[in-house]
Amino acid sequence: MTARNSLTIVLAAGEGTRMRSSLPKVLNPVAGRSLLAHVLSAAPHGERDRLAVVIGPDHRAVGDEAKRVRSDAAIHIQAQRLGTAHAVLAAREAIAEGADDLLIAFGDTPLISAETFARLREPLHDGSSLVVLGFRAADPTGYGRLVVQDGKLTAIREQADASADELKITLCNAGVMAIDGKIALDVLDKIGNANAKGEYYLTDAVGIVRDLGLIASVIETSEDEVRGINTKAQLAEAETVMQTRLRLAAMAAGVTLIAPETVYLAADTTFGKDVVIEPFVVIGPGVSIADGAVIHSFSHLAEAKIGSKAQVGPYARLRPGTSLGDGAKIGNFVETKAAQIDAGAKVNHLTYIGDAHIGASANIGAGTITCNYDGFDKHKTEIGAGAFIGSNSSLVAPVKIGTGAYVGSGSVITKDVPDDALAVERNVQTAKDGWAKRFRDAKSRHRKPKAH
């Protein structure tokens, strides 16, 4: 049997004024990824699946984010905000192209899963014409109740319109919906705005489907999965739920998190086998950590690639563009940026390595910095394999340190150093015999007695 195709419409036109943010609501991040990106990543994305995103007229950045995450996304603009059904019909052109299953979701529900989208479609294959996603609310106050009789959805009753018996229902409307594509436009066009706000409500689709003599049904998911994000407090709650998911998934894959609740991961973090993450580590977007690597406490990583059995920290900061080879070591109070550090190289302490390539097994002494910025442009430092950079050295880029070369401690290197050479740049040390005693004696003669 040929697989059914689908169109998912994600509504992302809301203003999000309660977020008190200059960002459109759906661009606020959870686990290093925008709310919208989480939803788009979970939505069906096979060869027979299409995606449409409805945005507000002043939110081009939302459309840009949608295209970044899903290049196949079609962007539609809701010129006026006149309700959820009106928002869906902003994508009328996409609906008119036809689909077996029409899915409707919201861009501010980052915890929804691909599995839930798949389950939402199943009743459409078994005779239902409309499926609503529901959840059992710990406190249903304010939610629309899902009225079910004989296993079929008969109504979505808003709090103000619910009877005393209906108010006892804890099964609530999550807003996410699937409609048989053959009737979708007909149903949506029948939704009116004869209500106090004069808006077109998607929930009215249930009554229209039943009036057509068709079946509406419900599937359930957890309350956490359908949390809508409208405030910064709710954003923090979603972050907590997402971090728990990510930590559990990492440990299930063989990662050792010594104190899981203190480790923060990004949605796209990838791990090899036998990775160890010590307490109080923050991993931002774009990080991959290979087999056997250890990330020590109080380290921060973003857009970095960590090789097998490499070590990072404690108190290290790996900024975007950092790549550690197998067995490389980044120690305490080291910062790297746009740095390729090859296998076995060591940068053990108190060092800044930026816009640099460090060859295999090179050793970078404490206090070394690559002086990569001249106030206008960034410049690169090349350090050859097996090179030894003495402590407290400044390497003024652009500069190359040859394979096996040595740089004496305290040097300021401004010229290339040949392979196997020693480069030393410092003033000649002098010692003045008796100077310290003469200095102390002079100070003692001129010092006033302290008052008691």
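Numbering starts at 1 and runs along the chain as it is shown here.
Using N, Cα and C of the backbone, Cβ positions are placed for all residues, glycine too.
In this structure, His349 (active site, proton acceptor) is part of a beta strand by DSSP. Sequence-distant contacts of His349 (active site, proton acceptor), defined as residues of its own chain at least six apart whose C-beta falls under 8 angstroms from its C-beta, comprise Gly331, Asn332, Phe333, Val334, Ala366. Summarising the annotation, Swiss-Prot assigns active site, proton acceptor to His349 and lists sequence analysis as the type of evidence.
Annotation comment: Swiss-Prot describes 11-14, Lys25, Gln78, 83-84, Gly144, Glu158, Asn173, Asn230, Arg319, Lys337, Tyr352, Asn363 as UDP-N-acetyl-alpha-D-glucosamine binding site, evidence class sequence analysis. Take the CB of Gly144 (UDP-N-acetyl-alpha-D-glucosamine binding site) and look out to 10 A: across all protein chains shown you find 22 other CB atoms.
Take the CB of Asp108 (Mg(2+) binding site) and look out to 10 A: across all protein chains shown you find 26 other CB atoms. The Mg(2+) binding site annotation in Swiss-Prot covers Asp108, Asn230 and rests on sequence analysis.
Marked as acetyl-CoA binding site by Swiss-Prot on the basis of sequence analysis: Ala366, Asn372, Tyr373, Ser391, Ser409, Arg426. DSSP gives Arg426 (acetyl-CoA binding site) a coil state; it is part of no helix or strand. Cβ environment of Arg426 (acetyl-CoA binding site): Gly408, Gly410, Ser411 lie under 8 Å away, each six or more residues apart in the same chain.
Taken from Swiss-Prot, the feature region 'Pyrophosphorylase' applies to 1-232.
On the 0 to 100 pLDDT scale, the region 'Linker' (233-253) averages 98 in this prediction. The annotation region 'Linker' is assigned in Swiss-Prot to 233-253 on the grounds of sequence analysis.
Summarising the annotation, Swiss-Prot assigns region 'N-acetyltransferase' to 254-452 and lists sequence analysis as the type of evidence.
In the three-state DSSP classification, Lys25 (UDP-N-acetyl-alpha-D-glucosamine binding site) falls within a helix. Checked against Leu11 (UDP-N-acetyl-alpha-D-glucosamine binding site), the binding-site residues Asp108, Asn230, Asn372, Tyr373, Ser409 differ in C-alpha distance, with Asp108 being the nearest. Here the region 'Linker' (233-253) has Cβ contacts under 8 Å with residues 19, 28, 30-31, 35, 110-111, 224, 227, 260-261, 263-267, 269, 271, 277 of the same chain, all six or more residues outside its ends.
Between the two most distant C-alpha atoms of the annotated acetyl-CoA binders (Ala366, Asn372, Tyr373, Ser391, Ser409, Arg426) there are 22 Å. In this structure, the CA atom of Asn372 (acetyl-CoA binding site) is 41 Å away from the CA atom of Asp108 (Mg(2+) binding site).
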